[in-house]
Amino acid sequence: MADDFITTIDSDDEVSNYGEPSALPKIKDDELDPDFQFDLGGGRSEGLDLWGGDEVQGVKKGNEPINVDDIIERKRGKPIRAFKDRKRKRDEDATSEDDLEEDEEEEGDSNDDSDAAKSGDSEEDEMDVDMSEGDGDEEDENEIESLKREDESDEEEEEEEDDYDEEGENEVVDSDSESEEETAAEIARKDAFFSSDPTTTDPTLPSSFTAMNLSRPLLRALTSLQFTAPTPIQARAIPLALLGRDILGSAVTGSGKTAAFMVPILERLCYRDRGKGGAACRVLVLCPTRELAVQCEAVGKALAEKGGLDVRFALLVGGLSLNAQAHTLRTLPDILIATPGRLIDHLTNTPSFTLSALDVLVIDEADRMLEAGFTDELEEIIKACPRSRQTMLFSATMTDSVDELVKLSLDKPIRVFVDPKRNTARGLTQEFVRIRSDDSRSPSLLALCKRTIREKCIIFFRSKALAHQMRIVFGLFGLKAAELHGNLTQEQRLQALNDFKAGTVDYLLATDLASRGLDIKGVETVINYDMPGQLAQYTHRVGRTARAGRKGRSVSLVGEADRKMLKAAIKQAEADQVRHRIIPSEAVTAMKEKLEEFKDDIQEILKEEKEEKLLRQADMEIKKGQNMVEHEAEIFSRPARTWFQSGKEKQASKSAGKDAYVGSFPSTGKSAEKEKEKLKRGKYDGLSRRLKRRKMAIEEDAADAAAARKTEMGIRAAKKNALPKKITEPQPRLEKAGKGKDKKKGKARRVTGGKGSAFDSEGKKSHEGMRAKPAKVNLEKGKKKGGKGKGRK
């Protein structure tokens, strides 16, 4: 039976050319290009560029901040322009003048050129300042040499031969041996606490990233970011980190410590569990400042994106939205980059967020995190982390004190200290300017910025108020500057960094908030308006320039109170890195006079800014009250946020950190004068080292003898009190409370024998024998007075 297809339509016959030959175009064999190269970077060969402008995104927006530049421009009557804008305008004016004067005579041209040179800015002529120019005296010119000679004189004092007896010699030897024993004990503690570093004796350290057995996506990311060869800290730290060992890493500033811990972290996350229950927060990176945390996140994201790695980051810092961060934490990101305060806030108040699955803990700038102000928060975070984690600590001035590191529960850590004798970069030139009085400090800074240092400069100050005031001064002098300190909002802080990176502003006036970790390309000069209180802080400040093998310089204004810090800075630096800069006294005097003219303008600008802040604060209070009225139920229904400390404990911790920071600075002004008046001359002043030690030993012996006598007298007094009392003395005993008043009190009273003793000298007890007095007996005493008796009817 034939097949019957229903509802089908017969198709037309198709013409098929199958089997017929077709004419194909003839392909010519081209020769191989000898200059052809594979693009390992995927067409993206640019390096890692931080602070490009995306960091401001996601910042919690508020009211528009007060722009001080607007107030200054209204006061000056003209805008403040950056150096490159001023230079561009000057070049355009020069070219237009040349076009108009092409047909003039040579004499006129020469006259015009001379006039232009006279009327132009003196900045071009004074760009290169000779180190010997100025009216400095011989003391200023030989300042550094005199400090070096002081070290030599101290060593000579130790070797001078004085007449002393054998007893004094033995005392000196004993004191030296005690110090050696203490040093040996400390070395023994460190040997027991730390593990030996196998990379120190290994001659085959990896010279390239391919020799570290990293995954191909990560190698691709490193190549695209122009990480050609590992730095010494990376070559030693990355293999140890891949083995899961605890590390203490220390290297000079700008040596790539962030990549030293971020590369092994990403390599380990490539092999994590990707199953249904594999999502967890596995890595935590702690940073002391928000800006450093933002920078670490940028480095990690750049490596992950260029390598195509499926790794998610979460940034937990202040100034960002709490709700947005809590929503991100619900997705269980792989890497958390946080500051201690905001992390504890989420651990305490965000539901279901824990660090129980943490594998790696990294503490960047660990020496700062171990100082006062962070210790309580760090201990709380360590308690929340599992004991089996891997811990890595990194800093340019890393400490190896066992007493401080024992708080972190490290497991046989390895010290990876690259070139521990050097704390500053090789390309850094350190210049010092002597300031005879504090009144000339600000004019000297302005003279430097107007004459020599005109762009890409970071200036460090001790206080936030001083940094803000100097920004106003810079604006009045026509210098474009931005400020970076803790009184600004997070949006303002990040915007200041981006403007400085883009060249919109020439100077970044900052506190020590910006001294650690920040990597801003193009920073040519760092100026210390005043020397810091600690040598480590000075190292971090000057480390913002001369990074990654580049050249840079630091200029420090040094007063008489900073002499000790200057001596320490020169001692740790190499001789060819230290310079002495002299600013001409005429320039300083001119700036001082001009600054005196602007004194009233500065006060007016500060007053106007304060009034504007008060007005905005009043508007904010009004808006807050309206929200409380309109959304009262919703606001009070929110759970209150808690903290692991009470208000007093939190304030005490904050005050301790501030006091430690302020106390490190040398005292100046009236307080220093008072201290000098109190201690005009010490009891050891003028003595040689040997006589000083002998006198101190005699005083110690006298103190020990006095303490021994005091102890002996105490023992004798205790023995005397422990002896039983003589039999002739009345022995006290306790008697139960009787009737009357003693019964109401309910207490036992002390009495002696019932009838007293014949040897009672006070005469208060009854006497015995012939001299006993007759007792008076009241016969009516036992009768009962009126009232119903018990048996009466």
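Glycine is no exception: its Cβ is also placed from the backbone N, Cα and C atoms.
Features as listed in Swiss-Prot:
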type	residues	note
COMPBIAS	75-89	compositional bias 'Basic residues'
COMPBIAS	94-114	compositional bias 'Acidic residues'
COMPBIAS	122-144	compositional bias 'Acidic residues'
COMPBIAS	152-184	compositional bias 'Acidic residues'
COMPBIAS	193-208	compositional bias 'Low complexity'
MOTIF	207-235	motif 'Q motif'
DOMAIN	238-416	domain 'Helicase ATP-binding'
MOTIF	364-367	motif 'DEAD box'
DOMAIN	427-606	domain 'Helicase C-terminal'
COMPBIAS	741-752	compositional bias 'Basic residues'
COMPBIAS	782-793	compositional bias 'Basic residues'
Structural state census, the compositional bias 'Low complexity' (193-208) (DSSP three-state): 1 helix, 1 strand, 14 coil
Local confidence of the prediction over the domain 'Helicase ATP-binding' (238-416), expressed as mean pLDDT: 93
Chain residues in Cβ proximity to the compositional bias 'Basic residues' (75-89) (below 8 Å; excluding those fewer than six residues from its ends, i.e. six or more beyond): 69, 454-455, 475-476, 478-480, 503-506, 601, 604-605
